[in-house]
């Protein structure tokens, strides 16, 4: 069984994760344009949940397409 996760960069599509990567993650942080563009959002697959840096928000999940882009409706 291989998991489907959404991946950035755009266009954001659900892609099959490589064997051994059984988590989808969403990582968000602010860059220099945060006030005008909002947070930078990175989506992808992982074998283990990425460690969170102090300025990041990281969430992980383990079901197909469970990491849609926060600003997009799951399609």
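Using N, Cα and C of the backbone, Cβ positions are placed for all residues, glycine too.
Record features (Swiss-Prot):
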DISULFID  5-24  disulfide bond
DISULFID  17-45  disulfide bond
DISULFID  30-34  disulfide bond
DISULFID  49-60  disulfide bond
DISULFID  61-66  disulfide bond
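Locations of recorded Swiss-Prot features on the structure.
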residue : record         : DSSP (3 states)
5       : disulfide bond : strand
17      : disulfide bond : coil
24      : disulfide bond : strand
30      : disulfide bond : coil
45      : disulfide bond : strand
60      : disulfide bond : strand
66      : disulfide bond : coil
Candidate with sparsest Cβ neighbourhood (10 Å radius) among 17, 34, 60, 61, 66, the listed disulfide-bonded residues: 34
Pairwise Cα distance for residue 60 (disulfide bond)/residue 66 (disulfide bond) [Å, integer]: 9
Entry from the disulfide-bonded residues list 45, 49 having the most other CB atoms no farther than 10 A: 45
Residue 24 (disulfide bond) versus residue 34 (disulfide bond) - Cα distance in angstrom: 24
Cβ neighbour count (within 10 Å, all chains shown) around residue 5 (disulfide bond): 28
Nonlocal residues around residue 24 (disulfide bond), in sequence order (Cβ under 8 Å, 6 or more apart): 3, 5, 6, 17, 43, 44, 45, 46, 60, 61, 62, 63, 65, 66, 67
Alpha-carbon spacing, residue 30 (disulfide bond) to residue 49 (disulfide bond), which is rounded to whole Å: 20
